[in-house]
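Note sheet for the following structure.
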Amino acid sequence: MSQRKRYSLNVVTSPSIPSPTPSAPIRTNESNWEAASPASAASSFLPNVHHGGTVLNPGLGIMRSPSLNKSGAFGRSGSSGSSTVIEPSNIKLLLIGDANVGKTAMILSYCRELLTRAEMSRSVRLRHQQQQQHKDLGLKKTVVNHRLSMKEKRKRYSSNDFEKEFKDINHFADETSDFGNPNIGDDNNHEMADPNEIVIETRSTIGIDIKTNLVNIDNRFFNVILWDTAGQERYQNAIIPSLYKKTNAVILTYDITNAKSFQSCMERWIVQALENFSSQDLLKARFFLVGNKIDLYKERQVTHYDVVQMVQEMQLKHGIKISGNFEVSCKWVNVVERTMNMIILDLVENGCFENNDPCVSITISDDVQGHEQEFHDTVEEPFNFTRQRQHQLEKNNTVDITKPNDDIANNQSICCV
């Protein structure tokens with residue numbers, strides 16, 4: 001028996017080295033939105049188009065507004081290192097205003113559900129192809145059934161009868177193929193159109209429409225609930241009492257090309273909000289003024305001076321402070337999204353949200369409230385006034401041998417030990 005040499009398979013493996021952790025902080029400015037890698041740990045504001053839920057992509061955050069003291073990441077979703085499941089806090093945004101001012105379009109633009117002209121053309125073409133397949137299938141079934149029925153009748157036909165029959169079938173097929181074709185008569189209309197232009201096709205809201213988005217601010221999750229209300233009065237009477245419950249932000253929406261919708265914010269909508277707000281919910285609510293359709297600036301009927309006047313009038317007449325006023329356009333990319341992000345950040349910084357995290361408390365203690373009230377009572381200067389605390393200097397009992405003693409001036413004896 002021949003001796004065979006046995007070999008062992010020893011694979012030299014390198015010791016496990018932990019992956020380095022980047023020490024440099026993540027910058028949250030506009031310059032690295034496009035340069036961010038998809039595998040970044042921070043969150044992004046660029047979700048996929050969702051149908052019934054929120055599908056999110058990782059990425060970098062955005063820069064905070066200049067009024068905020070801290071800088072941090074802001075994203076739609078993110079992954080935390082902790083395995084503990086923490087329920088996100090709720091932020092309720094209520095959009096109110098007249099009909100046809102663009103409340104629904106603003107929400108769809110924030111949720112990235114508005115299609116461009118090229119995307120809509122592809123969608124219409126795909127839908128037409130599906131309809132054409134169903135029609136062709138139905139036509140084939142009709143022809144087959146007709147042939148079967150012809151066989152059952154066992155009737156002999158002349159060549160003229162068959163020619164007439166096939167002409168009728170071809171005529172029916174041409175009519176069904178031309179019906180609903182999106183390319184007929186539209187080539188000349190869309191020849192010069194921009195394929196990246198956002199197409200806004202919305203219907204009037206009946207009752208309310210609710211959409212949600214999950215955002216991540218400084219590794220803390222917030223469930224943003226956007227309430228789209230009907231501008232017509234006949235759809236509101238039944239839902240007004242429960243509409244303003246636990247609302248954190250009231251967004252007064254108007255059309256800059258319609259002065260009547262702007263006046264309704266002052267005469268109708270702010271009055272309705274104050275009548276239906278409870279005293280407890282009003283403490284955690286903030287008001288914002290948003291003008292839509294700024295892309296139609298040539299047809300503007302509401303000027304910036306009118307907006308400033310209304311803000312001052314609301315504060316004097318109703319005692320309501322407008323926390324911010326914006327002008328947006330749903331046809332411009334990311335304009336509505338940046339505006340909504342600034343509103344959400346303002347609410348979080350001021351504690352205007354429903355806190356579902358038991359580990360974090362936003363309740364202000366009595367001592368802090370007392371010191372804050374004392375500060376506002378004593379200081380009559382604006383916010384740039386700096387108050388310094390002065391300490392009373394007490395005489396030290398120890399002797400400093402490097403400095404002359406005060407008792408020298410009194411001609412007293414000094415003894416240094």
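Even glycines carry a Cβ here, placed using N, Cα and C.
Per Swiss-Prot, the features are:
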REGION    1-34  region 'Disordered'
BINDING   97-104, 228-232, 292-295  GTP binding site
LIPID     Cys415  S-geranylgeranyl cysteine
LIPID     Cys416  S-geranylgeranyl cysteine
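Structure with Swiss-Prot features highlighted.
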| residue | record | Cβ within 10 Å |
| --- | --- | --- |
| Gly97 | GTP binding site | 24 |
| Asn100 | GTP binding site | 16 |
| Lys103 | GTP binding site | 26 |
| Thr229 | GTP binding site | 22 |
| Ile294 | GTP binding site | 17 |
DSSP-derived structure type at Asn100 (GTP binding site), helix or strand or else coil: coil
